[in-house]
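Visitor: This is the structure I want to talk about, given as structure tokens.
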Amino acid sequence: MNNGFFNSDFDSIFRRMMKDMQGSNQVGNKKYYINGKEVSPEELAQLTQQGGNHSAEQSAQAFQQAAQRQQGQQGGNGNYLEQIGRNLTQEARDGLLDPVIGRDKEIQETAEVLSRRTKNNPILVGEAGVGKTAIVEGLAQAIVEGNVPAAIKDKEIISVDISSLEAGTQYRGAFEENIQKLIEGVKSSQNAVLFFDEIHQIIGSGATGSDSGSKGLSDILKPALSRGEISIIGATTQDEYRNNILKDSALTRRFNEVLVNEPSAKDTVEILKGIREKFEEHHQVKLPDDVLKACVDLSIQYIPQRLLPDKAIDVLDITAAHLSAQSPAVDKVETEKRISELENDKRKAVSAEEYKKADDIQNEIKSLQDKLENSNGEHTAVATVHDISDTIQRLTGIPVSQMDDNDIERLKNISNRLRSKIIGQDQAVEMVSRAIRRNRAGFDDGNRPIGSFLFVGPTGVGKTELAKQLAIDLFGNKDALIRLDMSEYSDTTAVSKMIGTTAGYVGYDDNSNTLTEKVRRNPYSVILFDEIEKANPQILTLLLQVMDDGNLTDGQGNVINFKNTIIICTSNAGFGNGNDAEEKDIMHEMKKFFRPEFLNRFNGIVEFLHLDKDALQDIVNLLLDDVQVTLDKKGITMDVSQDAKDWLIEEGYDEELGARPLRRIVEQQVRDKITDYYLDHTDVKHVDIDVEDNELVVKGK
């Protein structure tokens, strides 16, 4: 048969070219290609020789075979599955997967869908962290154990990484070729089931995004999925399922949804017990049952934005890793190597009759052996509930360990602690303390904030200060106070400042400074709405839902939990009732400014009374204590005479303005004068403050 490429003239030209190249000194630097594939000079010479001894057709076949060899023996399509994924069933046989507890129902549903003749493609839908991937691993273990329908008892579950299908596909058609190889691999193996985690990524995956007609992964898979030629298990979240899969109705009907809900606290404890051995072996830390229960209980209470069992497992893992880092493991290999070296030294010492040296070496060997035995688990660290509390505190910033240890005593004494900081407002302090004790002791309904209060009274009597002290006492620092000045929320756009803008408006993607976002990041907070009477009526409408249901939906549709917050609103409205005003008089005044349904949502409406001079005596002591804290940084002590305190009270007393004028007098007459004295006497270590000629004077030592 005549061939225009492989004829005798071509063979002679090629042999002559090879002969010339073999005589060149630069052959080692040259590269040779056949059909675009690089071959070695030896293979090319062999092919040339074959071309001279055989027909043109045989020469062409030899060239093609060499190209295939150089391309690499990639083997069958089954090997391609191994290249792009993990065989979960094989890992289950090898005992590499964690046990799956409490998911029998979901595993059974998934197995039933897989055993169908057509459209046998389950998709696990659930929020992040509920254990969708673990269910697939549990199915792989069930296949190994034989606890599945006969139709899938021989299946191999291959976890496929979508990005590996796209890797290296810079040329048109390369991605489609990978998908075809994947499909052929599944068909040829006859027992492979593909698992795509985050399966919503298949929408548009591999498409060029242009009008050129390039197909994405989902478009290529649809025909094979509908005919049952391949079987796929998918996993995705509710939002991604709604926003991606459900929009493609042709793809949706090829999948069967398996809903995965968050496990209960009891089931999560059993899950932790099932995986405990793996964590103990990995970290060399003992994890008792009470620690596992604390992981679940504390993660539910203090990490509400995440779901079980993921958050409980994370707390357990972090705690064990922290304890393991504090007790570094002995390097077993190095220790055994050192023992072997010492054994040799001991034998040499005995041979040389150096018995004292041999005895010392034996003591060192025994010490290393004891150390090695201890590292094998006899003296491993044991986790405690307090360790779990410390982990929660590091994750959230909430002083959980402090509240855990002495919570009952702290609850009993909360009113005394607040009363020492908030002077002259015993009724307000007691009402707030009762609400907090009721919540922390577990005797409220649990579906509302810890407490919601309306503080009413004149300016400068401690309304804002009580909110600050609550944040410090309950949550450990004053940064837990979220303060909103309602004068900034009086316009019609106030709602967008609270919950963020909705879709279609500017700033939809940037809601970082809204109230809902602040509470999402710090769910344990005191929220202060200062001068609430100045707020837009729409703000008050939003607060109805917060105080009644304990949650609020932001502009992007996320439900924010307010159940661990304290809501405090302050107002100057109706403060003129005087010290002997009754509750009905307060309510009568409040109804002039607020709707009845708003007032009825509060746990308590608290009137703050005018401060008298006796109350200012305690307040001036607190203000002077703050001055002393500042002086401590300079190593200076301070004594203030009673006459000086009386003078400050007399100068700073104003019944209408409360304690703020007194704070201003202390700043001007005490802080400023101490500053002036310090600048003239930088070596001063002690100052005395007294009154002379109706003037405050500072003297130093």
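Including glycine, each Cβ sits where the backbone N, Cα and C put it.
Found this in Swiss-Prot, in case it helps:
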REGION    47-79  region 'Disordered'
COMPBIAS  47-57  compositional bias 'Polar residues'
COMPBIAS  58-72  compositional bias 'Low complexity'
REGION    81-332  region 'I'
BINDING   126-133, 457-464  ATP binding site
DOMAIN    336-371  domain 'UVR'
REGION    383-575  region 'II'
Visitor: Highest Cβ count within 10 Å among the binding-site residues Gly126, Gly457: which residue is it?
Guide: Gly457
Visitor: Within its own chain, what residues at least 6 apart in sequence put their Cβ under 8 Å from the Cβ of Ala128 (ATP binding site), listed in sequence order?
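Guide: Listed in sequence order: Thr237, Leu307, Asp310.
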Visitor: Check each residue in the chain of Val130 (ATP binding site) that is at least six apart in sequence and keep those whose C-beta is under 8 Å from its C-beta; list them in sequence order.
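Guide: Expected: Val260, Asn261, Glu262, Pro263, Leu307, Leu308, Pro309, Asp310.
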Visitor: For Lys132 (ATP binding site), what is the tally of other C-beta atoms lying within 10 angstroms of its C-beta?
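Guide: Lys132 (ATP binding site) is surrounded by 24 other Cβ atoms within 10 Å.
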Visitor: Can you give me the average pLDDT across the domain 'UVR' (336-371), rounded to a whole number?
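Guide: Its mean pLDDT is 85.
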Visitor: Let's check the environment of Lys463 (ATP binding site): how many other CB atoms sit within 10 Å of its CB?
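Guide: Around Lys463 (ATP binding site), other Cβ atoms within 10 Å: 28.
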Visitor: With Cβ-Cβ distance below 8 Å and at least 6 positions apart along the chain, what are the contacts of Val461 (ATP binding site)? List them in sequence order.
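Guide: Gly424, Gln425, Phe608, Leu609, His610, Leu611, Gly658, Ala659 - these are the non-local Cβ neighbours of Val461 (ATP binding site), listed in sequence order.
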Visitor: Taking the Cβ of Thr459 (ATP binding site) as the centre, count every other Cβ atom within 10 Å, in any protein chain shown.
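Guide: Taking all protein chains shown, Thr459 (ATP binding site) has 16 Cβ neighbours within 10 Å.
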